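Trainee: Shown below is the structure under consideration.
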Amino acid sequence: MKKQLNPKYDHLQVEKDKYQYWLDKNLFKADINSNKPKFSIILPPPNVTGKLHIGHAWDTSLQDAIIRFKKLTGYDTLFLPGMDHSGISTQVKVEAKLKQQGIDKNKLGREKFLLEAWKWKEEYANIIRKQWAKLGLSLDYSTEKFTLDEDINQIVKEIFVKFYNDQIIYKDKQIVNWDPEQKTAISNVEVIYKETQSKMYYFKYILEDSNEYLTVATTRPETMFADQCLVVNPNDSRYQKYINKKVINPVNKQVIPIISDEYVDIEFGTGVMKCTPAHDLNDYHLGIKHNLKMPICLNIDGSVNQLGGKYQGLDRFVARKKIIKNAIKEDLFVKEEDIINQVGFSERSNAIVEPYLSDQWFVKMDKFKNMVIDLQNSDNKINFYPNRFSDVLNRWMTDAHDWCISRQLWWGHQIPCWYHKKTNEMYVGINPPSDIENWTQDQDVLDTWFSSGLWAFSTLLNNKGLESEYFKNYFPTSVLVTGYDIIFFWVARMIFQTLEYTKQIPFKDVLIHGLVRDESNRKMSKSLGNGIDPMDVINNNGCDSLRLFLLTNSTPGQDIRYSNEKILASWNFINKLWNASRYVFLNLDEDFKFDPNFYKTDLEITNQWILTQLSKTQTYVYEKMNKYEFSLAGNHLWDFVWNKYCSWYIEFSKVNLNNDKFTHQTKQTLFYVLKEILIMLHPLIPFVSEEIYLNMMLKESILLEQWTNLNSNYDTSFIDDVIKMITSIREFRNTKNIKNDVCLSVNISNTNQNHTKLFKKHFDQIYNFLFNFCNTKLVDEAIKNKTSLSIDEYFIEIANDSFINKNELIKELEQKQNYLNNEITRSQKILNNQEFIKKAKPEKIQSEKIKYQNYLDQLQAIKDKLKELTND
């Protein structure tokens, strides 16, 4: 073997054609006939509204890292891709595009509009697939799904009909959140409440046949046309005499009654409220209670309808101004006040949302809320990472209201309900009525989240229902990776819809992540213009650098702060790995062959040391990856590669490669440890790990390798002390400007019992290390004229009067003494904290006790040394 990497790491060259290579080798394809254990992830489908953003890059990198890790650890994996039609969002985009071309959606008609929407979908689906490739996602494209695929559409209809027949879905006229710009109902979670500078308007409602009036405050005068009564509290002595009397509505002169209800807060405002059941949720419930009529005074576009008389056709906010102007003229206006209140805006159009009485389809939530809460309180609960989000889910489900699932859109799953043209009979079914010419289908479509809620299993059925082999093998899916912002939007709905239809949970684990924030810790948004295009980062620094940054900064449930500096640090890490790999390849002979049994020979101590460190790293990384703790796994691996392998073992190997006795085993060790490093790094940095691996001429791909662990446990702990000694002596040379060709004599003093034994046992080896790596002779007798370097509880005494600076040494030791005193205080507080003792794992408590004792030992050694120095 004689392979050489390019002298310089070039991410563009490394990442070029790799993805196609993986696809050509079918390395991402699930093997349904494999006897390996199954592991599956269904990709949360991105919306076909546009390109992927940095949040998608993070979300998908997490999933891909899990899939690659599981593949390397012996699983048959399925990573199923798909996209979401995203009803309202996509329709808004397509409408805007048509508008730019001078085309009106309504004139175009439904069928032709849908053709335009499908063109949009195809265009952006292709863009998204290219972005998936740039991100290196190991997706099985043979299983790709779209939420409007015919087989998915069939499942959606089947479940709608089942839920309807089971009386879970119903149609009713209720108050909904209405987007007057998009002319559709939207769900509660699609309403964004913002603190807004508003006004409160006070009007006179004059009593019938009297000059008296009651003052009523409202923020929405345009809804007064639909007022049905005034309401006062029966216990409010100010207004008891007016109950059952009548007043004249100041905007339309209609006579309406005054009724009483304890719902009215005596202390709020004037204590009199107007009741408009069709335009306010609380008023709606009062209307039902008191059997009030519910006329609607606004059109679906937010303009005033025929109830507004002379105001008919005016936009609601234009009408508001005119109503106030005319009320002033008629002396029916009292005053206006500036207020700050919470106003609901549509998440998609940013229009102010209207509470609006409308015929809609709903899902009953009573059964489902109990279903989810009971599940999460059982032994079969879905595991949330971190666990606190299971409680968040339970709280949201406790407060859940019936879910409005109909949308007044064209793009989406049209509701499978037909109305008879003559009798208005309603028919709900998977297939249309046989005499279709006599029926008209419901024009509404389903809320996008209804079909998305079926995603975990509908993607696996392939027109074969629950008998599908994919469903049998890969369901429930292994883990869902998603953001905390859509736990109720999506996660909860997937759980209860899946449970209701399949009687199984949709996934075993849920890994929750946060948001990607900018470098100033602000949420990324179009309005701030602070978004990051992941494709730009990939072009400039490589996909591996982006993924390494995202994954090594990923803590379950937490936000991540984007950092150009950390992206560059990731690139530098990969560059160091590249250069280390070049060093390995340059030192291998033409006829080098890897011997998988090389470690069974009598290995030199540094080869033993790196294999022991490797084994510890493999164990740690494996454990943390299985718990989705990517930051801990990645940073531990980073430290091992950078510090132990590149910085120290490669340096040790240079000596061994010049010793015929150790040359062969050192080459084998260099090669083997590099291979294992690449396998561990592959889930994080797939492109460069594959490139280096292919140069090792082993298998067709690193994805065909197996995550292993030699369980090496050689007695090499003294090497860690050697490294500390070498580092301290080198730092001492640099600080004192002592050239490397000046040989230093040193002695080790103040060792505790363990170190005394250890250093005695390995004296000759330590001598050789210090001599070879920092031109230092280790002597076994005390040195009188010396400079002392503190390492843990012991000292390195350097014999050379010209280097002594007693005052500086005392100062350094006093600083370390202060540091240790602080650490001892901190450790004491922790160990005296009963909550910590009660909740912490035993190994965590033991670790803190060991630290505490080490601090005490080090402090005593420094005190003794300071005493010795001050007595000289």
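Using N, Cα and C of the backbone, Cβ positions are placed for all residues, glycine too.
A quick note: this is a predicted structure, and the numbers were derived from the prediction, not measured.
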Trainee: Write down the single range among 83-87, 523-527, 843-847 that appears in Swiss-Prot as motif ''KMSKS' region'.
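Mentor: Here Swiss-Prot associates motif ''KMSKS' region' with the stretch 523-527.
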Trainee: Labelled motif ''HIGH' region' by Swiss-Prot, one stretch among 46-56, 805-815, 816-826. Can you tell me which?
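Mentor: Motif ''HIGH' region', as annotated by Swiss-Prot, spans 46-56.
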Trainee: What mean pLDDT does the predicted model reach across the motif ''HIGH' region' (46-56)?
Mentor: 94
Trainee: Take the motif ''HIGH' region' (46-56) and count its residues per DSSP category (helix H/G/I, strand E/B, coil), listing them in that order.
Mentor: 3 helix, 1 strand, 7 coil
Trainee: Residue counts in helix (H, G, I), strand (E, B) and coil for the motif ''KMSKS' region' (523-527), per DSSP?
Mentor: 0 helix, 1 strand, 4 coil
